[in-house]
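I have placed the structure first, in the form of structure tokens, so that the comments after it can refer back to it.
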């Protein structure tokens, strides 16, 4: 399925039905009085997060979504039927904002999360509401209100635990194929990956994480060069970034250190928070370096790159070092989840709140 991560739509809620100005007409009842019912409420437009959907492609082609109008009221005190709501199912991770003002409206981060995008108009009043001691046969009624109408921008940020970044042909697609169930296109030319790929990595019966591969970055990506700039947003929600570097390029004129520095610079230009995110260095294609020279080449790279974080040496093609990398990632993600759960438990437990209050200065 083609991956679409951005769309623009218009949502139109239904108009409320008009009230009825009807009089009761019945044999042997001379002054029946008013019996006009109210109009029905217009249908609303709702958005629902669905984990079974992973693209916004449906909204690229169906751009206008209109709910039903409410039916008008009728005589005999009959109220009009309310218009049916419509439900727009969107991928988890969709950000909804106002297209004209840019104001954020919602961030659908949980499966089943539901939000009203456009409220249906209220129905008009029938003439039974205008009866009084001085007006026994009112002819007044009100029309239904217009439903809300909005132009919206939908933007999808994939929810993954691990994000891959690197230059084109660094081996990202090969790695995600080797360690997960994803099957992206792999070829020996730049920008083989044209859209993000998600894969599930399983390191045990009940232990797994989601990994995302985005198109390769090049220098100037933050300003729009290449393809990767369109997908950098997907890295903002990952728990850890794997910076993949081709340590043994075929072209001798390519400097792996310069490529690695360029990637970091592009992250900084796009979003400073991406640079601060936990990032691991993964040196790929180490099998292309003679074993007796491997240690020296890796040490020289780390020294020139001035890297002080975790380092993994792998070959995505042969699988060398991939298991070690996956288990380390799973252990790290598990520890982060435990810390987060403990923090949430403490925040919800009144005993910890009382302790914090006791320690606070008077």
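Using the three backbone atoms N, Cα and C, a Cβ is placed for every residue, glycine included.
Here is what Swiss-Prot records for this protein:
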- 166-173, 191-195, 213-216, 284-287, 315-317: GTP binding site (BINDING)
- 173, 193: Mg(2+) binding site (BINDING)
- 130-141: compositional bias 'Polar residues' (COMPBIAS)
- 1-159: domain 'Obg' (DOMAIN)
- 160-334: domain 'OBG-type G' (DOMAIN)
- 129-148: region 'Disordered' (REGION)
- 340-362: region 'Disordered' (REGION)
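Long-range Cβ contacts of the region 'Disordered' (129-148) within its own chain (Cβ-Cβ under 8 Å, at least 6 residues beyond either end) map to 11-21, 23, 31, 33-34, 36, 38-40, 42-44, 67, 69-70, 72-73, 118-123. Rounded to a whole value, the Cα-Cα separation of residue 173 (Mg(2+) binding site) and residue 285 (GTP binding site) is 13 Å. Contacts of residue 285 (GTP binding site) defined by a Cβ separation under 8 A and a same-chain sequence distance of 6+ are given as 171, 246, 247, 248, 315, 316, 317, in order along the sequence.
Confidence in the domain 'OBG-type G' (160-334), given as mean pLDDT, stands at 80. Broken down by DSSP into helix, strand and coil, the region 'Disordered' (129-148) contains 2 helix, 0 strand, 18 coil.
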